[in-house]
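Take a look at the structure below.
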Amino acid sequence: QLTPSSFLRIGQLSNVDLNEDIHELETEVPRQRPNEIPHNEKLLSLKYESLDYDNSENQLFLEEERRINHAAFRTVEIKRWVICAMIGILTGLVACFIDIAVENLAGLKYRVVKDNIDKFTAKGGLSFSLLLWATLNASVVMVGSLIVAFIEPVAAGSGIPQIKCYLNGVKIPHVVRLKTLVIKVCGVILSVVGGLAVGKEGPMIHSGSVIAAGISQGRSTSLKRDFKIFEYFRRDTEKRDFVSAGAAAGVSAAFGAPVGVCLGSLALSSACTWISSGGCSHLPGGSWLLVTLDGLWMIFRSSLCCGQPGPCVLSFSSLTPAGGILGALFNALNYWLTMFRIRYIHRPCLQVVEAMLVAAVTATVGFVMIYCSRDCQPIQGSSVAYPLQLFCADGEYNSMATAFFNTPEKSVVNLFHDPPGSYNPMTLGMFTLMYFFLACWTYGLTVSAGVFIPSLLIGAAWGRLFGISLSYLTKGSIWADPGKYALMGAAAQLGGIVRMTLSLTVIMMEATGNVTYGFPIMLVLMTAKIVGDYFVEVRAASSCTPLGSQALSEWEQAVLLQMVHLPHASALFPGPVHCFGACELCGTVPSHLFPAKVFVERANLSVVQRRLKLKDFRDAYPRFPPIQSIHVSQDERECMIDLSEFMNPSPYTVPQEASLPRVFKLFRALGLRHLVVVDNRNEVVGMVTRKDLARYRLGKEGLEELSLAQT
């Protein structure tokens, strides 16, 4: 007979008949998709499961940990560094492959279109050149959108919101699969070659995360190959650390910014992983400038524009609000556009058509802008990759084509480094206006793409325009160099859209190779973020995909302050809990709790059919068999099942009188999947899950409670 102390209390569950479930699944008729999907921002989806970043210290786990001696521990640590080295090498190779592919394919496209434009400029019929450019763009983007929409939809966008959700404990299906990596790489190449207003830097973060997830597990579930290595790391806790390191490797490969990797990893996850913190503390060279007072003073003194700090700081400060305002406008427009896409453009075929339309419109706008521009610059001494003469005189090229008739990365470089006088103010103004709306329309399409480079390009254009205007007013003063203001405008625009400060400061310093601009870049980014948050708090990384329905817990101090006025932890969970003994009849245990068929004969409790080991769970991780695949016969329902060796005897608990901010901090900081609530007698009275806490969001009228939806 079981005593009350031997009972294990878990959340309220009901018995499930497996046969009835399977029958319902077989007879269910797929519903036709409606023309409009009703979307309610006040609903929290229940279809996403949570990852468990807290090790369950059950008997199986503790037995394995006790068997690890000093030599085995050193071996595990060596394997960690080997895995990280492999992640860095493969992520770098993928980045090289993307760069080479984009360079060659985009170069081929632009050469073909340039030859066609040069041919028809002389004898007329430039409409054929426009048709060729639009057709090439639409065709390439069609292929990139098809593979994303029909093969792996999770590869759409930059992937940063999905990786952020994964690092925060939300299990997004297929987010770190090998197929996702292949579609991501091919899709971003086709998107950039197709002339869309996108960049390849954001998808590199997702690609590095997928590489890390695959290597750290020592097998590929997609290819059904198990190499029987790195089996110790097959659990959520270890896998999360490597995914965070892979995301950091993606940042480094995309921007060439290893120092910013540490801060970028912090921005994606709730805590710096062991590899990022280790890398931060052992950086050689000039990183001491960032952490010593002498270094900070040197940055402050040397960065202020040739010894003229007053005019320089005032001019930088005057352009930063524009970055915050334009970033807020970009995010607001993109948010409304995303809601429209969710309601009306949810079919894959419509998503592909929209991507093709945007590609054709982008080519058309670029052609019309180049055709109408009369900004001609001497070609001698210029570094233009594909100079278009069009209606300019011999020896000159169309300056508008430098921005439109090029990949976005090269356009940014040109705006940073071209000498003064390379662009007419009207050219920069029209380009900024048109490219702003094109980038806003493009971000959120069903293609693999990022928003970093388009943001930099928009900001570089209006920043250089600001510098030209300032140069006119100051009669060519040396501190009014347009290239410097292009850099500051790019930083302001990027900060206004993605709302990141410290990590972007370091990344941009490393990308430009000039540490002396650290202080003004930080000033610009912080001001742009403050101004942007004042108008619109939505950032591009969270507005481009419908992630608002997922249980993602942010560090929002305002939410914590509002939660003080809510009831205690006992108000979070509905109804009483249901109790199970350490040994129970299989018929009384809900069938979706069966880890496997580990039964004890009902006549003799000492006879065990088979004892599971932790290796059995790791061999099945992360794709555990569905409950529908487990058949429990009537005789087996009369057997006993011992749950004690699978249950955690020392879970994290909170008293039912605990405030919700305290529960939130524990849940968020420890990466928990659930938190047990106990009364004053230390008996379980409930269980708080991620979705219970995520129901509360900070809305326009204060704290709001979301409803729960099954979709």
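Heads up, residue numbers simply count up from 1 along the chain you see.
Each residue, glycine too, has its Cβ placed from N, Cα and C.
Automated prediction, rather than curation, is the source of TrEMBL annotations.
Over in TrEMBL, the protein carries these features:
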DOMAIN    647-705  domain 'CBS'
TRANSMEM  81-102  transmembrane segment
TRANSMEM  130-151  transmembrane segment
TRANSMEM  181-198  transmembrane segment
TRANSMEM  242-268  transmembrane segment
TRANSMEM  274-300  transmembrane segment
TRANSMEM  312-333  transmembrane segment
TRANSMEM  353-372  transmembrane segment
TRANSMEM  426-445  transmembrane segment
TRANSMEM  451-473  transmembrane segment
TRANSMEM  485-509  transmembrane segment
TRANSMEM  515-536  transmembrane segment
With pairs fewer than 6 apart in sequence excluded, do the transmembrane segment (130-151) and the transmembrane segment (515-536) have three or more C-beta pairs that lie under 8 Å? no
Looking at the transmembrane segment (426-445) and the transmembrane segment (353-372), are there 3+ C-beta pairs under 8 A, with each pair at least 6 apart in sequence? yes
Helix, strand, coil: count each for the residues of the domain 'CBS' (647-705), based on DSSP. 16 helix, 22 strand, 21 coil
Criterion met for the transmembrane segment (485-509) and the transmembrane segment (181-198) (at least three Cβ pairs under 8 Å): no
Of the stretches 81-102, 130-151, 312-333, which racks up the most C-beta pairs under 8 Å with the transmembrane segment (353-372)? 130-151
Across the domain 'CBS' (647-705), what is the average pLDDT of the model, as a whole number? 80
Within the same chain, where does the transmembrane segment (81-102) have neighbours whose Cβ lies under 8 angstroms from its own Cβ atoms, ignoring anything closer than 6 residues to its ends? I mean 6 or more beyond. 185, 188-189, 192-193, 200, 204, 207-208, 211-212, 215-216, 230, 233, 242, 245-246, 249-250, 252-254, 275, 407
